[in-house]
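S.K.: The compositional bias 'Basic and acidic residues' annotation in Swiss-Prot covers 51-60. The annotation compositional bias 'Low complexity' is assigned in Swiss-Prot to 64-82. The feature compositional bias 'Pro residues' is assigned by Swiss-Prot to 83-93. Here Swiss-Prot flags 123-135 as compositional bias 'Polar residues'. The ATP binding site annotation in Swiss-Prot covers Lys249, Gln255, Gly256, Gln282, Glu283, Tyr284, Ile285, Lys295, Phe296, Asp297, Thr343, Asn344, and the record cites similarity to another entry as its basis. The annotation protein binding site is assigned in Swiss-Prot to Gln255. Here Swiss-Prot flags Arg321, Tyr345, Ser346, Lys365, Lys473 as L-glutamate binding site, drawing on similarity to another entry. What Swiss-Prot records for Asp428, Glu441 is Mg(2+) 1 binding site. Positions annotated as Mg(2+) 2 binding site by Swiss-Prot, on the basis of similarity to another entry: Glu441, Asn443. Summarising the annotation, Swiss-Prot assigns region 'c-MTBD region' to 467-538.
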Amino acid sequence: MRRGSSESELAARWEAEAVAAAKAAAKAEAEATAETVAEQVRVDAGAAGEPECKAGEEQPKVLAPAPAQPSAAEEGNTQVLQRPPPTLPPSKPKPVQGLCPHGKPRDKGRSCKRSSGHGSGENGSQRPVTVDSSKARTSLDALKISIRQLKWKEFPFGRRLPCDIYWHGVSFHDNDIFSGQVNKFPGMTEMVRKITLSRAVRTMQNLFPEEYNFYPRSWILPDEFQLFVAQVQMVKDDDPSWKPTFIVKPDGGCQGDGIYLIKDPSDIRLAGTLQSRPAVVQEYICKPLLIDKLKFDIRLYVLLKSLDPLEIYIAKDGLSRFCTEPYQEPTPKNLHRIFMHLTNYSLNIHSGNFIHSDSASTGSKRTFSSILCRLSSKGVDIKKVWSDIISVVIKTVIALTPELKVFYQSDIPTGRPGPTCFQILGFDILLMKNLKPILLEVNANPSMRIEHEHELSPGVFENVPSLVDEEVKVAVIRDTLRLMDPLKKKRENQSQQLEKPFAGKEDALDGELTSAPDCNANPEAHLPSICLKQVFPKYAKQFNYLRLVDRMANLFIRFLGIKGTMKLGPTGFRTFIRSCKLSSSSLSMAAVDILYIDITRRWNSMTLDQRDSGMCLQAFVEAFFFLAQRKFKMLPLHEQVASLIDLCEYHLSLLDEKRLVCGRGVPSGGRPPHRGPPQEPSPSAQPAGDNPPPRTSCANKLSHPRHTLS
């Protein structure tokens with residue numbers, strides 16, 4: 001009896017377990033049918049190999065729906081029991097279309113902040129800033145150290161998800177990016193080429209000759225070769241004792257490549273090279289400041305943080321690069337001695353006299369601060385030296401920004417998604433014997449290497465860390481990243497909210513905050529003070545009067561018409577003339593067309609870029625100068641130009657107000673308010689026709705006291 005009873009109980013128990021297994025299988029099938037493919041466990045963290053599971057855990061697998069298992073009673077076999085299928089990972093409800101998995105509206109082209117690592121961490125701590133260093137090239141070592149010091153997260157091989165910051169080694173176009181921040185401006189490489197820089201500075205020299213006398217007089221070859229010969233001969237005829245020296249620099253050259261000195265224009269190497277490789281010839285600075293009887297220059301690092309509004313920072317320290325032969329004024333016998341005349345590091349490192357030193361104040365490469373200390377010990381006014389250098393940097397950037405704006409709107413048109421930009425520039429400055437700073441050139445990609453090559457044996461080299469380079473360059477990169485930190489403002493806003501009364505209750509309702517961050521935790525507490533000093537807009541009041549070409553660029557961009565183009569067509573130029581009411585009985589529209597054709601044809605023949613037809617910005621500036629000189633004949637050029645800009649801006653503001661009224665209706669008070677007409681400068685400057693007289697507050701603009709920039 002017991003045995004039969006136990007067998008029947010066992011069979012009943014097996015049957016009950018089989019029924020339970022069938023029910024579990026049916027439930028699993030229902031869940032699998034509702035969600036055809038199980039949700040992926042984690043979003044792919046990208047090519048950098050971000051871990052998707054905690055250490056020691058097994059990666060969950062995506063399982064296909066399991067077929068329902070029949071019960072033992074249905075099969076007629078109570079002896080063979082099949083186990084229920086393994087349990088699927090717990091599934092999350094599908095997000096509503098247009099919303100992210102957390103119920104937030106989706107941003108077009110952007111992932112959910114939490115799922116992509118853009119929200120707060122699971123433990124309530126702020127997520128680290130992410131940096132894509134896959135295109136960093138020679139600056140990679142210094143960048144890695146900077147990221148490590150900041151405790152940010154580096155992606156050395158890129159990432160599928162967007163990063164906060166992209167670090168490019170060459171240009172803006174190293175990567176195709178549509179969000180975040182990138183350390184290059186579009187067009188910067190083209191703008192600091194020697195010919196383009198010389199033209200930009202020359203435009204400013206025409207307007208403000210005394211303010212821009214820090215750049216040597218330059219001629220562009222081959223276009224201005226005959227002009228160069230004629231002007232040199234004219235000066236020699238007036239002063240037979242004048243024995244100049246000139247330096248020839250290839251337009252696209254770098255690291256001293258192709259540079260040579262001449263005493264006479266006939267010494268220029270014309271044989272085929274200038275046509276394929278244009279160049280700039282400049283007056284050579286024959287009386288530089290010497291230290292230890294050696295010529296040297298200064299590499300200063302300048303951060304262009306923003307283009308509009310303009311923000312400029314200068315590093316408090318830089319590098320001083322020395323020649324390796326004692327300096328002598330140039331003569332026909334020593335013109336070829338490059339180690340005496342050229343300060344380029346890439347040239348002098350091959351000299352047998354080059355001295356590598358870990359000390360900041362000795363060797364062939366030293367810190368600029370050590371040079372200032374040495375000058376200060378001799379009684380030199382260091383504040384005056386710094387003030388003059390800051391002035392050179394600001395004025396140079398003001399000369400570059402107009403055309404940079406045109407490049408920027410071409411690559412990142414207004415209203416379209418795109419990254420924001422910043423860039424570290426290398427300014428090469430020479431101090432003359434009287435301590436006046438002279439701008440030699442600007443580098444879009446200054447070397448950020450922190451090691452040098454050491455020759456172990458003939459032809460065998462190894463890379464050795466350079467403590468001087470590391471001291472200066474790591475600080476520049478690290479503090480640039482600190483200034484560009486995209487989460488800094490968010491942290492500050494959160495701290496301010498938590499300091500308010502009852503802020504805790506409001507934060508509890510905020511879905512973005514999983515827990516309150518520690519207000520007292522300063523992520524930069526362990527870092528030294530920032531080595532970058534803001535100089536603009538800090539000193540904007542002293543330099544804004546120079547930004548005339550910048551205002552012309554705004555007019556130029558307004559009438560471009562097609563987004564993404566960089567040249568103004570004939571229709572756009574006519575529209576500019578009509579909108580600003582510049583045509584008159586003495587300047588017909590036919591004359592305007594001829595002006596456009598003549599200037600555009602000449603500038604297109606001088607530039608190598610023939611991708612687009614039309615009027616470039618420099619051609620527009622020349623046409624604008626011509627119109628200003630016709631309209632305001634009794635004023636200096638900079639006042640003529642300022643008056644015409646004021647007139648154009650006045651008429652365009654009226655046009656904008658008229659469009660606003662047509663779109664929204666006239667306010668109940670009657671006529672819409674607008675700026676009054678500009679004040680009349682003098683009867684001779686009265687515009688023709690019914691045009692209101694322009695404002696000419698240039699006297700006030702130019703009467704700025706010359707403060708020391710500390």
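Every residue gets a Cβ built from N, Cα and C, even glycine.
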S.K.: Which one is it, among the binding-site residues Lys249, Ser346, Asp428, Asn443, Lys473, that lies nearest to Gln255 (protein binding site) by Cα separation?
M.R.: Ser346
S.K.: How big is the gap, in Å, between the Cα of Lys473 (L-glutamate binding site) and that of Thr343 (ATP binding site), rounded to a whole number?
M.R.: 19
S.K.: Return the average pLDDT for the region 'c-MTBD region' (467-538) as a whole number.
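M.R.: Across the residues of the region 'c-MTBD region' (467-538) the model's pLDDT averages 75 on the 0 to 100 scale.
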S.K.: How many whole Å apart are the CA atoms of Asn443 (Mg(2+) 2 binding site) and Tyr345 (L-glutamate binding site)?
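M.R.: Cα-Cα distance, Asn443 (Mg(2+) 2 binding site) to Tyr345 (L-glutamate binding site): 14 Å.
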S.K.: Report the largest Cα to Cα distance, in Å and rounded to a whole number, among the residues Arg321, Tyr345, Ser346, Lys365, Lys473 that the record lists as binding L-glutamate.
M.R.: 17
S.K.: I want the residues beyond Arg321, Tyr345, Ser346, Lys365, Lys473 whose C-beta is within 8 angstroms of the mean position of the L-glutamate site's C-beta atoms, in chain order.
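M.R.: Going along the sequence, the neighbours appear as Arg299, Leu319, Ile349, Ser447, Asp469.
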S.K.: In whole Å, how far does the CA atom of Arg321 (L-glutamate binding site) lie from that of Lys249 (ATP binding site)?
M.R.: 19
S.K.: What's the CA-CA gap between Asp428 (Mg(2+) 1 binding site) and Lys249 (ATP binding site) in angstrom, rounded?
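M.R.: Lys249 (ATP binding site) has its Cα 14 Å from the Cα of Asp428 (Mg(2+) 1 binding site).
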S.K.: How many other Cβ atoms are found within 10 Å of the Cβ atom of Tyr345 (L-glutamate binding site), counting all protein chains shown?
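M.R.: Tyr345 (L-glutamate binding site) is surrounded by 19 other Cβ atoms within 10 Å.
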S.K.: Going by C-alpha distance, which of the binding-site residues Tyr345, Ser346, Lys365, Glu441 is nearest to Lys249 (ATP binding site)?
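M.R.: Sorting the binding-site residues by distance from Lys249 (ATP binding site), the top entry is Glu441.
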